[in-house]
Structures are given as C-alpha cells and as structure tokens.
Amino acid sequence: MSTADLRLRWAIALLLAAAGAAAEDTCDRNEFRCRDGKCIASKWVCDGSPECPDGSDESSETCMSVTCQSKEFSCGGRVSRCIPNSWRCDGQTDCENGSDEQGCAPKTCSQDEFRCQDGKCISQKFVCDQDQDCVDGSDEAHCQAATCGPAHFRCNSSACIPSLWACDGDDDCEDGSDEWPQNCGGRDTAAAWSSSPCSSLEFHCGSSECIHRSWVCDGSADCKDKSDEEHCVTATCRPDEFQCADGTCIHGSRQCDREYDCKDMSDELGCINVTQCDGPNKFKCHSGECIALDKVCDSMRDCRDWSDEPIKDCRTNECLDNNGGCSHVCKDLKIGYECLCPNGFQLVDQHRCEDIDECQEPDTCDQLCVNLEGSYKCECRAGFHMDPHTRVCKAVGSVAYLLFTNRHEVRKMTLDRSEYTSLIPNLKNVVALDTEVANNRIYWSDLSQGKIYSALMDQAPTLSYDTIISGDLQAPDGLAVDWIHGNIYWTDSVPGSVSVADTKGIRRRTLFQEKGSRPRDIVVDPVHGFMYWTDWGTPAKIKKGGLNGVDIYSLVTEDIQWPNGITLDIPSGRLYWVDSKLHSISSIDVNGGNRKTILEDEKQLAHPFSLAIYEDKVFWTDVINEAIFSANRLTGSDVNLVAENLLSPEDIVLFHNITQPRGVNWCERTALPNGGCQYLCLPAPQINPHSPKFTCACPDGMLLAKDMRSCLTEVAPVLTTQGTSTIRPEITAGAEGLPKHKEDQSASSTSRQPALSTVESVTMSHQVQGDRRNEERPQGVGVLSITLPIALVILLVFGAILLWRNWRLRNINSINFDNPVYQKTTEDELHICRSQDGYSYPSVSMPFCGREEAASKLKDRS
C-alpha cells in the first residue's frame with residue numbers, strides 16, 4: 001500500500017471522527033442545547049424551572065430572546081415569559097412581575113347587575129336580600145324594609161317568599177315563620193311532615209335530615225340544628241380512665257400505647273413517642289445502652305461490652321479504600337462509614353445510589369410527571385398551560401363558573417367573584433345539579449316537587465323549564481350527566497336505587513337497587529364507561545359500576561361513615577369525596593388504590609355536602625357554615641372562603657369545557673340508529689381492550705330478546721279454558737317501531753299484550769312488575785287446577801294396580817320342587833290358574849329350554 005493511500009485513509013477516519021463528535025454536540029430540532037452540551041426539550045426553555053445543570057435554559061440572556069405567539073401575552077421584565085391571552089386581566093396574577101393584571105379597565109356591570117365597592121358585579125336580586133353577597137357588604141348598605149307583593153308571604157325576618165311555599169310543611173323562611181301555626185290558621189304543618197322517610201334505624205333531626213341512630217349523643221353534632229346532641233347524658237369516667245372525644249371511657253394505660261382504643265382515635269392524639277438512641281448524636285451499644293456519639297472511640301469504656309471502642313474500626317477511614325465501595329458519596333464515621341446519595345437518588349444495597357422515580361407518587365405534579373435522572377419535570381395536558389408564577393396547570397379557553405344550589409335558586413359565580421348572579425330563581429328545594437357544557441344546558445332536581453328539570457343556560461332565568469323526569473321520584477339527591485351518550489343518571493335514597501334515562505326523559509331504567517342502601521351523590525366517566533356513587537347506608541361505602549349497570553362492586557369500605565358529595569378529576573384519574581361524619585376530604589384512584597386524606601377539619605368541614613374540582617383547587621359546600629370553601633386539592637392547604645351567608649348550599653359543579661372532554665358515542669357509530677337497540681343504548685365499561693362498546697337495555701320489568709336488542713315482556717300463561725281452546729304463553733315486543741317477537745303458537749286462540757309507545761314506555765316499565773305480582777295469584781290457581789287432577793288420576797291408577805295384584809295373588813297356587821340331589825328348592829314356580837272349567841296350566845318359559853322340552857319336563861314332574 002502506497003503512502004498516498006495511507007494518508008487518504010487517515011484523512012477519512014479523521015473526518016468521520018470529527019463528524020461523530022459534531023453529531024454528539026448537536027441537539028435535535030425540538031431540543032435546546034445547554035451550555036454544558038446537554039440537550040433538553042425546547043418547551044422547557046424559559047418555563048420558570050431550570051432543567052439544564054448550569055441553568056442556562058432559564059438565564060436572562062436566553063429568555064430575553066423568546067418571542068411570544070399571537071395568542072400569548074409577554075410578561076416582559078428581566079425574564080420574559082409567555083402566558084395565554086385569556087389570562088390577561090382575569091383577576092389572578094400569572095406573571096411574576098404582575099404585568100398581566102396591570103392597566104386593566106374596570107369591569108363593567110350589566111343593567112341587571114349591582115356593582116360592589118370593590119368593583120365586583122353581583123345580581124341585582126341579591127341587593128337588600130339580607131344576605132351579604134359583596135365581600136365589602138355594600139349590597140346590604142342603605143336598605144329599607146322589604147315590601148312583599150300580593151303573591152308573596154312575608155317572613156318574620158322581613159324576607160319575601162312565594163305564597164305557595166307557606167304552610168306546606170317545609171321551612172322556607174330562614175326563621176321557619178312560614179310554617180308557624182299562627183301563620184297557618186292554627187294548623188301544625190310540622191306534624192304532617194313528621195312522617196319522614198327515615199327508617200327505624202335512623203334518627204329524624206329537627207331540621208328534617210335523617211342520620212344513623214348510632215350517631216345520636218356521640219359528642220359530634222350531625223344534624224344541622226344539632227338536635228342529635230340535645231338532652232344527652234354525658235358519661236363520667238373514673239380517675240384512672242381516659243375519656244375519648246366521643247364520651248366513652250377506656251383504661252388510662254391505653255392512652256398513647258400506639259394502638260387506637262377509642263373509636264374516634266382520640267387516645268393517640270398529642271402523644272410523643274420517643275425511641276431511644278434516635279438521632280445523629282446517639283450511639284446504641286451492642287449491650288443495649290444508649291450513649292452520646294462523642295463518647296465513641298474516646299479510649300474510655302462507656303458500653304459494658306466495649307462496643308464503643310473497637311480497636312480495629314476506631315480511627316480507620318474506610319472511605320480511602322475505593323471510596324468505601326460507595327457509588328457516590330462516602331462519609332467516614334467514628335466506627336465504620338456510610339454511603340450517601342445526592343438529591344433525587346436513594347441508597348440501595350447499602351452502597352449503590354439509584355434514581356428516585358418521583359412520578360410514582362400520585363400528587364408529585366399537578367397533572368403530568370416526567371421522571372429525569374435525579375429529578376423530575378411537571379407538564380400539563382392538552383387544554384392546560386403551566387402558570388409560570390404558581391407552577392400550576394391552568395385551563396385555557398372559556399371562563400370557568402361555579403354553579404351551586406342555594407335551596408330556592410341556582411347561583412352562578414366566577415372563581416374571583418367578579419360576576420355573581422342568580423341563574424335559576426324561584427325554586428322550591430333544589431338539591432342536585434349538573435351540566436352539559438357542549439349544549440350549554442343545566443339539569444337539576446327539586447326535592448319538594450319530586451322532579452328533574454332542564455333548561456338552557458342563557459334562557460335559565462325565564463320560566464321555560466323542561467321537565468325530564470316527573471314520576472316515581474322520592475329523594476333524587478344525586479344527579480350526573482353523561483355528556484357523550486346523552487343520558488342522565490340519578491340516585492334515590494328512599495328506595496336505594498340508581499337509575500338512568502335519556503336526556504329527554506323518554507326512556508328510563510333502574511340500574512341498581514338494594515335494600516338498606518342509601519345512595520347519595522353520583523358521578524360518571526363516560527369516556528371509560530364507569531359511574532361512581534356514595535352510599536351512607538349500613539355499612540357506608542363508595543360503589544363503582546358500568547354505566548350500563550354491570551360489574552357493580554364496593555370500591556371503598558373502610559374508614560368511611562357518612563360519604564356525601566363525590567366528584568371525579570378525569571385528567572388525574574382520581575375520585576374525591578367528603579365525609580360529613582369524619583369532617584374530611586379524601587381521594588383515591590379509580591381502581592381503589594393510593595388513598596389519601598387531603599383535609600380534616602371540624603370547623604371548615606362541619607357538614608360538607610358536595611364538592612367540585614378545577615385545576616389545583618377543590619371547592620365544597622357546607623350546610624352548617626352555610627358557605628363555600630376552597631383548598632389545594634393536593635395538599636389541603638390554602639383554605640379560602642369563596643361565598644358565605646348562603647341558605648342551605650348543597651350541590652356544586654364547575655362549568656368549563658375542560659371538565660367534560662370529548663369522547664366517541666359508539667351508539668351512533670353503527671349502521672343502525674341507537675346502536676340497533678329498541679330501547680336504551682348504554683355505554684359498557686372499558687375493563688379491557690376486548691370489552692364491548694355498548695349494550696342494549698330495556699325498561700324495568702322487561703327482558704332482552706335473543707338478539708340482545710329487542711325488549712320482550714312475558715304474559716302469564718293460562719293453559720286451559722272452557723271448551724277446547726288453549727292459550728299458550730306469548731312474548732311480545734315492548735317498544736314502538738320494532739316488530740313483535742312471539743314464541744311458536746299452535747293454539748287456536750291467543751291473548752295479546754299492547755305494544756309500548758316510546759312516550760308510554762317509561763310508565764309501562766314500572767307497571768309491569770306490579771302486573772306480574774297481580775298475576776301471580778291466578779297463575780298459582782291455574783297450576784293447582786292442573787296438578788291436582790293429575791295427582792288424583794295417578795292415585796286411582798296406583799290403587800287399581802294394587803287391587804289387581806292382590807286379587808291375582810289370591811287366585812294363584814304356587815308349587816315349589818325340592819331337588820333331592822342338591823337339597824335345594826328350585827326357583828322355578830309353576831302357577832296353576834283356576835278357571836271356570838277347573839285348572840289350566842299357563843305356558844312356562846324356562847332358561848335354555850325350548851317349549852317342547854319345557855312341556856316334557858312338566859309331564860315328568862307331574
């Protein structure tokens with residue numbers, strides 16, 4: 001090989017090496033190159049959190065060159081960051097320098113709104129209503145005595161209510177004066193109302209609620225009026241006993257013994273349990289003593305076994321030999337050594353440091369968590385943007401509103417209270433609430449009316465309400481809307497049921513009903529096909545099941561007493577609920593794991609009723625405090641008062657498009673409308689990739705046909721009638737628009753069941769079971785009329801056979817022959833039958849003998 005060839009090859013090798021080195025120093029197009037050469041994602045540059053080890057991704061030189069997009073606002077300043085334009089002048093500071101809330105024009109209130117002194121707008125109806133709705137109280141200043149119209153009743157507190165609400169057995173005035181006997185013609189309307197839906201195992205509060213009887217006189221008020229703690233005899237404990245917070249007594253030695261002996265766990269509160277030799281300045285001898293660390297290796301025996309003075313280990317630095325075998329940091333001790341790890345790493349096998357996956361903790365980040373070597377990174381889902389100031393994922397899009405019930409109305413309020421109005425006024429006793437954001441529609445249930453209503457949000461103040469469900473409702477305490485498939489779900493605590501209907505109320509079905517259960521609130525996840533509801537029956541629980549009513553089971557059964565409101569944070573996949581007895585807010589993932597108590601407070605959670613989740617906040621209503629509070633949904637900190645001076649606030653929902661993500665309605669993706677279902681098409685739970693997308697359902701009392709789409713009702717059979725005609729069981733279709741299905745008929749006459757129309761199907765579905773019960777008695781009579789004659793005939797035949805056999809035995813002579821050789825009686829019997837002419841010999845059949853041989857043998861024997 002020539003010298004020129006060698007030089008050429010060396011040049012090519014050098015070029016390839018240089019290209020490889022350059023490639024290593026070059027980051028991808030969507031990456032940012034730190035000063036030390038490390039590559040990070042470009043979206044992490046100037047986001048307020050340094051990802052480069054040298055911090056170059058957050059330096060002022062780097063961030064000053066960032067250009068915001070047209071839909072973004074530049075915070076400016078030393079570090080220019082970008083935020084969505086919708087966050088500009090929204091009442092919340094998002095830029096570190098506050099520039100997004102500077103130079104904002106004062107909010108302009110509409111004609112039907114009142115402007116508070118702090119610039120916030122509230123509904124004109126809230127002015128001089130004896131409730132302070134402005135934070136500064138300016139809406140109740142300079143008010144004159146209220147004058148009620150002719151169609152209104154004036155409460156003793158001067159408030160006005162519709163006359164129809166007076167003397168109806170339900171307190172509508174805050175002081176209850178609308179039900180006083182002197183205002184109701186001397187009638188005691190409370191007596192008529194005393195027949196409450198409380199069971200024998202429940203206590204009826206003076207404020208009309210039902211609570212467990214075991215909660216009476218337990219030291220904690222559970223009724224709104226605290227009537228469950230009136231006239232209680234307080235237990236007195238002996239001097240050597242400890243009194244629990246609920247009044248019970250335990251032996252004094254059981255306090256602070258690291259075991260819960262009180263039901264309320266108060267015996268372990270405030271205990272300080274110190275373990276010997278804990279702390280870096282303590283040394284535990286092998287013989288059990290505990291000495292100060294400075295006495296180790298001081299050439300003095302302080303331990304009985306001299307374990308504090310090992311000659312070999314004292315003054316020996318093991319870290320000098322191969323770093324002590326430690327992968328990162330080796331720390332020499334007076335006796336021995338220990339391996340240490342930097343932040344973001346944990347020690348495994350006593351020597352090696354391993355990266356900590358912080359993302360395994362469910363609440364490490366607000367939404368998404370990206371694990372990095374020795375660290376982690378928080379990100380936001382689509383539709384959210386990271387707030388550079390608070391590091392919280394904030395929703396991008398329309399303005400978020402809180403909608404909540406206030407007994408006689410539904411109110412609407414922005415999170416910063418800049419807008420506060422009455423959305424649906426003049427209601428009787430609204431309890432449950434939910435919305436359909438895409439259609440701008442609101443749904444609510446009225447406990448006094450026993451109905452479920454609906455209205456468009458922009459038309460809600462008018463009287464154009466749609467009645468969705470108007471029959472067979474007793475206590476519809478919970479309501480949830482499936483915004484993907486167009487269905488509503490509700491609970492009824494009196495029959496203990498969970499039901500579903502389409503949003504027009506035409507088709508309806510009971511999915512769950514159990515004796516002793518008290519379903520309260522319900523939430524749905526139509527994206528994955530599940531529903532969850534609280535049940536404060538005995539025992540209390542949280543249940544989970546498919547939206548089609550299948551695979552229902554208890555998700556939470558421990559440390560739960562009075563679960564009330566429940567909500568679902570779909571982005572994080574976690575359930576949140578309030579417990580009115582435990583005064584707590586808790587969360588758990590949708591599979592029942594990673595449970596966490598977020599907040600526990602008897603004052604701010606005196607009687608929580610419902611809750612809602614939005615961004616990093618949890619909002620809840622409290623009927624005793626008559627207020628709405630908020631707190632951080634991850635830590636329970638930063639508790640704030642959102643609204644106060646309310647009248648029995650119960651349900652609360654958050655209205656924003658991000659709370660109801662889009663999904664696929666598989667019932668409309670098939671060639672046949674409504675998924676080919678004759679009645680209801682309900683989404684199926686997506687338990688695994690092979691799960692069906694939906695299943696068909698029928699009204700109560702009807703069954704699916706073999707095609708699993710049509711609905712059938714079975715007519716009670718009447719097998720015999722007068723004459724020769726027979727009537728066979730018939731199965732007919734139970735809804736309009738599809739052909740009837742019948743069993744094969746061979747009878748000369750049949751009875752028909754009228755087909756259900758789509759309008760009448762709901763009513764019919766609830767009558768079918770009653771009709772069946774009414775038919776049980778005639779059906780039993782028909783069965784008896786068939787079986788008794790058959791039994792008599794069988795007895796007669798059996799008796800005749802016995803009589804014939806008895807007569808036959810009396811008229812037959814049997815002769816046995818003894819064999820003299822074997823001394824054995826033969827088994828052959830000769831029957832000589834008596835006839836009119838004397839005796840006759842029947843033909844004899846003998847084994848292995850023909851007829852002639854048998855005849856000859858008979859002659860020989862004779």
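Placed from the backbone N, Cα and C atoms, the Cβ positions cover glycine too.
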Cys303 - recorded disulfide partner, Swiss-Prot, among Cys277, Cys285, Cys326: Cys285
Region 'Disordered' according to Swiss-Prot, located in which of 89-120, 729-760: 729-760
Swiss-Prot annotation, disulfide partner among Cys46, Cys52, Cys63 for Cys34: Cys52
Record Swiss-Prot, residue Cys244, disulfide partner from Cys217, Cys223, Cys262: Cys262
Intrachain residues whose Cβ lies under 8 Å of the domain 'LDL-receptor class A 3' (107-145), provided they are six or more past its termini: 157-159, 417-422, 425, 643-647
Whole-number Å value for how far Asn657 (N-linked glycosylation site) lies from Asn97 (N-linked glycosylation site) (Cα to Cα): 29
Composition by DSSP (helix, strand, coil) of residues within the domain 'LDL-receptor class A 1' (25-65): 12 helix, 6 strand, 23 coil
For Asn657 (N-linked glycosylation site), the number of other Cβ atoms found within 10 Å of its own Cβ: 15
